[in-house]
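Q: Feature list, courtesy of TrEMBL:
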TRANSMEM  17-33  transmembrane segment
TRANSMEM  53-71  transmembrane segment
TRANSMEM  92-109  transmembrane segment
TRANSMEM  141-161  transmembrane segment
TRANSMEM  173-192  transmembrane segment
REGION    234-282  region 'Disordered'
COMPBIAS  252-270  compositional bias 'Polar residues'
């Protein structure tokens, strides 16, 4: 069983950074180091007082320490990590772009007064859950050890639980909407034969490459000399026995012919004519 430190080191970078940032934001709020309203998404101060940090900081506040906060953090540790190790394995830039696109989509949606919500961190987490449910639709999920269902229905089940427990469901709906937009542009539309290709921008790749320079993200994989070797021994080419035997026979025949020729040449050295001899006047 791994220790907490080993588990923390084993987490992939994007999910680990976002989860730790959310935990630190709530911890600072618990210690009364700031007022939560100063980091909330309010468009008035953003445009009138240039408090642009509100466009970013609201995504890191998942609420005060409580059971819903713990559930959101577990979602990041379970479904976010599962995405980063599964469909987004060795695609860190694409995973970062999913976060950026989700945040931008939520900011645009929240600009509509009816859909406005001050803290969109819960919506971003719910977007992760929605994308996971589409990538793993047949995975079996247990909710509180009571209900077992397929992964495709997980967002709807969590939405129903928030409704039963009296938690706000608007962030959940916004997250599902942003997740569906992302999944439609990256997976469904290309599969339907659409010409529009939604790719990760080059600047995201450059940022991730610069950030991961010298770290585990871009570090070369150590080659294992024995990797991929199932059997060690003498190799034989197919049909090699027959060809070897034929080659040996040909060499033996050639050697016999050469030896015979050499013997005949030796015996005939100095002899110009072979036949019966007669003495003159004999």
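Using N, Cα and C of the backbone, Cβ positions are placed for all residues, glycine too.
Just tell me what is around each of these and how deep it sits.
A: Here the transmembrane segment (17-33) has long-range neighbours at 11, 39, 57, 60-65, 69, 72-73, 76-77, 80, 99, 121, meaning same-chain residues at least 6 beyond its ends whose C-beta is under 8 angstroms from one of its own.
Beyond the transmembrane segment (92-109), the same-chain residues lying 6 or more positions past its ends with a Cβ under 8 Å from any Cβ of the stretch are 13-14, 18, 41, 55-56, 59, 83-84, 115, 120, 123-124, 127, 131, 174-175, 177-179, 181-182, 200-201, 204-205, 207-209, 212, 217.
Packing against the transmembrane segment (173-192) from elsewhere in the chain are residues 98, 101-102, 105-106, 109-110, 115, 117, 120, 122-131, 134, 155, 159, 198: each is 6 or more residues past its ends and has a CB under 8 Å from a CB in it.
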Q: If we skip the immediate neighbours and take only residues 6+ beyond the ends of the transmembrane segment (141-161), which ones have a Cβ under 8 Å from one of its Cβ atoms?
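A: Contacts with the transmembrane segment (141-161): 126, 129-130, 132-134, 169, 172-173, 176, 179.
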